[in-house]
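Since the structure comes first, as structure tokens, the remarks are kept for the end.
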Amino acid sequence: MKKLLFAIPLVVPFYSHSAETVESCLAKPHTENSFTNVWKDDKTLDRYANYEGCLWNATGVVVCTGDETQCYGTWVPIGLAIPENEGGGSEGGGSEGGGSEGGGTKPPEYGDTPIPGYTYINPLDGTYPPGTEQNPANPNPSLEESQPLNTFMFQNNRFRNRQGALTVYTGTVTQGTDPVKTYYQYTPVSSKAMYDAYWNGKFRDCAFHSGFNEDPFVCEYQGQSSDLPQPPVNAGGGSGGGSGGGSEGGGSEGGGSEGGGSEGGGSGGGSGSGDFDYEKMANANKGAMTENADENALQSDAKGKLDSVATDYGAAIDGFIGDVSGLANGNGATGDFAGSNSQMAQVGDGDNSPLMNNFRQYLPSLPQSVECRPFVFSAGKPYEFSIDCDKINLFRGVFAFLLYVATFMYVFSTFANILRNKES
């Protein structure tokens, strides 16, 4: 009896902390909060958590961490808390946990109707206003040599963010004749990029966009960056398992690293294997590094700079020629020669004295013709005599003719000797 009385204080607090009833739980207000130890129902995909003796269901925009055990959302009380071993299988353990095969459910992004518990934004629903980066009414498609890596599937369409716009895969295009090359065409559907939190090309629980005029539907990962890394290319499927493993063991779409159930306590470890496509990755890097390059703009910019340099050099040369011409013609020292004014002022007329004047003194004096005047000998003497101009002009004409003949003969004989020497 004493032992029983001693045990009563230990048993009463154990039951008193969970004195909630269904009515008291349902009367609790909704709360927007982040709960831990969250599990997901394998069939409805709803998320549940025990808190303060009540069972809560996550509604609205549900955002979870990478291991999906902590989620943020609008939590609604639906009844009394349930033991952890009776959960939906995500907590591992109980006999009613997730199956032992760990095959995983079909990724919801391939369906046309969103599955409850997931948040979607349809890239084709027309909620994207026109912008300046791209004009969806007059799209400018981009052609890729190979299917790019950074794409994601949604409602049977493949999308890609590129150059500040959301683009959608619209088929293949062939160009050329020898050889014929096939390109993958992506056409803009929005003037804004769509930022998505996904792994292995799949949406997880949150897709959001930003920068719109309307009130955007934005959600972020709590405790984890929304920019998740890309998995290896062509990763193989994981081999999930474990007796208490969650429903998302290996993943039917090649989850690779999520084997064994990321939400459960199962002991099975997933494994993924695949060949890394180096060529595809190289093409993706090439496209990422060159997608913003505008060849025409670069050529135009280079041509403009070269034309400017050529114009400056041409103007400098023209100015120098003008300065030299002015200095030679006595127009003053200007431009490049303006600094020599003080020195030139000490010579002649300074910079107003043509340079040619300084060279004329070194030129030989050539005879100049004058008006004919009679030659008078011994003027005023008894034996004075004179030669009239008509006789002088006659002599000049005869002498000039003889000089012409002699010059012609000299030139003719010179060329004749050259020709004779060439023939011999």
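Each Cβ is built from the backbone N, Cα and C atoms, and glycine gets one as well.
On a predicted model such as this, the values are computed, not experimentally measured, just so you know.
The compositional bias 'Gly residues' annotation in Swiss-Prot covers 86-105 (among others).
The annotation compositional bias 'Polar residues' is assigned in Swiss-Prot to 132-147.
Feature annotation from Swiss-Prot assigns compositional bias 'Gly residues' to 235-273 (among others).
The number of other CB atoms found within 10 A of the CB of C25 (disulfide bond), across every protein chain shown, is 19. Taken from Swiss-Prot, the feature disulfide bond applies to C25-C54 (among others).
What Swiss-Prot records for C64-C71 (among others) is disulfide bond.
The disulfide bond feature in Swiss-Prot is assigned to C206-C219 (among others).
Among the features that Swiss-Prot reports, region 'N1' is placed at 19-85.
If you look up Swiss-Prot, you'll see 83-147 (among others) marked as region 'Disordered'.
Mean pLDDT, taken over the region 'G1 (Gly-rich linker)' (86-104), works out to 36 on the 0 to 100 scale. The region 'G1 (Gly-rich linker)' feature in Swiss-Prot is assigned to 86-104.
Look at Swiss-Prot and you will find 105-141 tagged as region 'Hinge', backed by similarity to another entry.
Per Swiss-Prot, region 'N2' is recorded for 142-228.
The region 'Disordered' annotation in Swiss-Prot covers 222-279 (among others).
The region 'G2 (Gly-rich linker)' annotation in Swiss-Prot covers 236-274.
Annotation source Swiss-Prot lists region 'Not essential for gene 3 function' at 253-262.
Among the features that Swiss-Prot reports, region 'CT' is placed at 275-424.
Sequence annotations record features per position, and here Swiss-Prot assigns signal peptide to 1-18 based on similarity to another entry.
A distance of 21 Å separates the Cα atom of C64 (disulfide bond) from that of C54 (disulfide bond). Helix, strand and coil residue tallies for the region 'N1' (19-85), in that order: 7 helix, 33 strand, 27 coil [DSSP]. In this view, C71 (disulfide bond) is surrounded by 23 other Cβ atoms within 10 Å of its Cβ, with every protein chain counted. Here the C-alpha separation of C54 (disulfide bond) and C71 (disulfide bond) works out to 17 Å. Around C54 (disulfide bond), taking its Cβ as the centre, 22 other Cβ atoms fall within 10 Å, counting all chains.
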